[in-house]
């Protein structure tokens, strides 16, 4: 017996790896499933690409109002393959939004939101909201004219709400006006808070799909 087999047997004895693998590979797939049922998986793939490329850019990006734009320029012009990483990040973000929208339409048109899959639908809708939030927060991080005015408009929307509007605006911006605190908050949301929440809801979403299976045809 080779050392590799000994190591495998050691883990197998404690974790029952083969049983887990058999459970994953032997899951029943209904005959009506087609390529359109892969849209959710493609959305997940885009998210993983976002995580990888976004993590790579954190080594160079500086969330400081006076340096953010220059750091993005450095990524695009001077950093090795920086232009490629940022371009992949941008295009995979657009692809993720598109695949998510198509996935929602597919689920709705095939009745995948009906009993007993209501909670799966709810978590999916929440993931859609989180995806849109990624777009809003990430759009402003270059801190160019487009990003600055976008963040100013977005954070100013709650101001129309009576009584709580002004405090909500200040909470989003971190101060009375758009500035360093705003950029810091949006950077934290985009790189830590939103990814963490998204991963939690994705796990819930996938576990429910795993438990309930794929919905049948109409």
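Glycine too: its Cβ is placed from the backbone N, Cα and C atoms.
Annotated heme c binding site per Swiss-Prot: 38, in sequence order. For residue 38 (heme c binding site), the number of other Cβ atoms no farther than 10 Å from its own Cβ, over all displayed protein chains, is 14.
Marked as heme b 2 binding site by Swiss-Prot: 89, 190. In this structure, residue 190 (heme b 2 binding site) is part of a helix by DSSP.
Cβ neighbour count for residue 103 (heme b 1 binding site) (all protein chains, 10 Å cutoff from its Cβ): 23. Feature annotation from Swiss-Prot assigns heme b 1 binding site to 103, 205.
Among residues of the same chain six or more beyond the transmembrane segment (35-55), those with a C-beta under 8 A of the stretch's C-beta atoms are 85-86, 88-89, 92-93, 95-96, 99-100, 102-103, 106, 134, 190-191, 195, 198, 202, 214. Under the heading transmembrane segment, Swiss-Prot lists 35-55 (among others), citing sequence analysis as support.
Long-range Cβ contacts of the transmembrane segment (93-113) within its own chain (Cβ-Cβ under 8 Å, at least 6 residues beyond either end) map to 36-37, 39-40, 42-43, 46-47, 50, 120-121, 124-125, 127-128, 131-132, 134-135, 138, 215, 217-218. Annotation source Swiss-Prot lists transmembrane segment at 93-113 (among others), citing sequence analysis.
Residues annotated as transmembrane segment in Swiss-Prot, with sequence analysis given as evidence: 119-139 (among others).
Beyond the transmembrane segment (189-209), the same-chain residues lying 6 or more positions past its ends with a Cβ under 8 Å from any Cβ of the stretch are 44, 47, 51, 54, 58, 117, 119-120, 123-124, 126-127, 130-131, 133-134, 137-138, 141. The transmembrane segment feature in Swiss-Prot is assigned to 189-209 (among others).
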Of 103, 190, 205, i.e. the binding-site residues, those within 10 Å of residue 38 (heme c binding site) when Cα atoms are compared: 103
Protein Cβ atoms within 10 Å of residue 190 (heme b 2 binding site), excluding its own: 21
